[in-house]
Ligand code: FAD
Ligand code: NAD
């Protein structure tokens, strides 16, 4: 791209699951699209340093744990030998295959992929700093899809050698002997699961009284129990301060009810205390795009900002910061720009923490219902009563269904158990379709599968579950 101003119908800033989904949809609807991102191919945080590399490593962790658990079933394997270089190569190969594939898909759709960083000069013009030198694009519409970045903690700077964000943790440059994970949320617990399986001695500290704050306690309990048995320590209501750099790692003071201001040394510290929207440094001050006090860009149901030519989607606009939410918002924004009537108004956005066991939920949670004083009927099915769960040697699970007492409509579903992440989509469909508990209960589910737990939890709403 040269120094002269070029014109495009639609420019999308950021090539993550929001940005590339928007670009592909817009191109499919006949728009002339440019997609700007600094990476070699589309993919964003999710593919390069988020969902995909973490799930590749979690798959390996699952294999290691299953092999260990197999001794209780009469099959013993030796201690795993971990070739970190080979594992890293395989994980990077998965990422490259997927991002390369997206590059091809962009080409096939005639989406112009511009490698660089974009900044608004005004409400119609972007300046691109890229490999081919600076350029400028005048657009009719733009979509901001710049995602999010990790939040740092005071005293634990993310640019220091011993302190990791999820990016460094996923690089797998080493398997530290002692790893401290600060934050018992999605990233903290997924990465604790990975490094524990790979052989690190893992300590988790969480500031609130429970892991995965906000998630229903009965869903978190089986996970907390298994983590407690496997990790070196889990400290709740605990914070970290006074980090000092050591040659081989860092020393920190832990403040909490069961640590008594102890000083402890760790080889690496993973800080996973949340992410913030990437809305700074985009030149938004040269436009009328409004940014809220929490850094999220303000948008309406069609994902249009307060500057009519500019839309925004994904992590940069709201919680939950999840790839599938960004993807759907991207498609809605593209449709609206192409002239279709579309709105982003999901009844349920499924969430999955891919730990062992996994925790998954969508729609209304029990905690939310309690906070809102909303009456619900709840059907529960413990996986200890599931034939399928027992055949896998893992019955530490629960499926529950929350329904409206008057209409019997399904309002929310929660699950915990190995593989729960693969089951929650049925619940999302039920909620979106306005299904009643009876609809799920009367749908024949294949036997023996874990999917039957959703059917039986729905039967339990009427006190008629066969196996409990
Ligand atoms: P992003 O994926 O963040 O992409 C934004 C892109 O914009 C980036 O490539 C960035 O470089 C680019 N960009 C930023 N500024 C500019 C600029 N000025 N010009 C041009 N380009 C720019 N979600 C799930 O649903 N499931 C999971 O299993 C999951 N696992 C995760 C694991 C980890 C470790 C992390 C960190 C996140 C995970 N997430 C997961 C969250 C998921 O990655 C995000 O919700 C998702 O990537 C958001 O998509 P997005 O399109 O909004 O932005
Ligand atoms: P998070 O919000 O999930 O968890 C952060 C945790 O850190 C919370 O439990 C919080 O109470 C705790 N915390 C905050 N300050 C602390 C402190 N000073 N000391 C100790 N604990 C502290 O954030 P995350 O784990 O960084 O992940 C960011 C986001 O990325 C997630 O919210 C999610 O949207 C997305 N993500 C999704 C997946 C998935 O879908 N499987 C996986 C990883 C990340």
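Even glycines carry a Cβ here, placed using N, Cα and C.
Among the candidates 168, 206, 262, 290, the residue that TrEMBL annotates alongside 183, 184, 185, 186, 187, 188, 189, 190, 274 as binding NAD(+) is 206.
Candidate recorded positions: 183, 189, 206, 447. Not one of them has a Cβ under 6 Å from ligand 1. One way to see the shell of the NAD(+) site is to take the Cβ centroid of 183, 184, 185, 186, 187, 188, 189, 190, 206, 274; the remaining same-chain residues with a Cβ within 8 Å of it are 181, 191, 211, 212, 272, 273. All protein chains considered, the CB of residue 46 (disulfide bond) has 24 other CB atoms within 10 Å. Among the binding-site residues 185, 187, 206, 324, residues whose Cβ is positioned under 6 Å from ligand 2 are identified as 185, 187, 206.
Note: the Cα of residue 315 (FAD binding site) and the Cα of residue 46 (disulfide bond) are spaced 11 Å from each other.
Using Cα positions, the member of the recorded positions 46, 189, 206 nearest to residue 55 (FAD binding site) is identified as 46.
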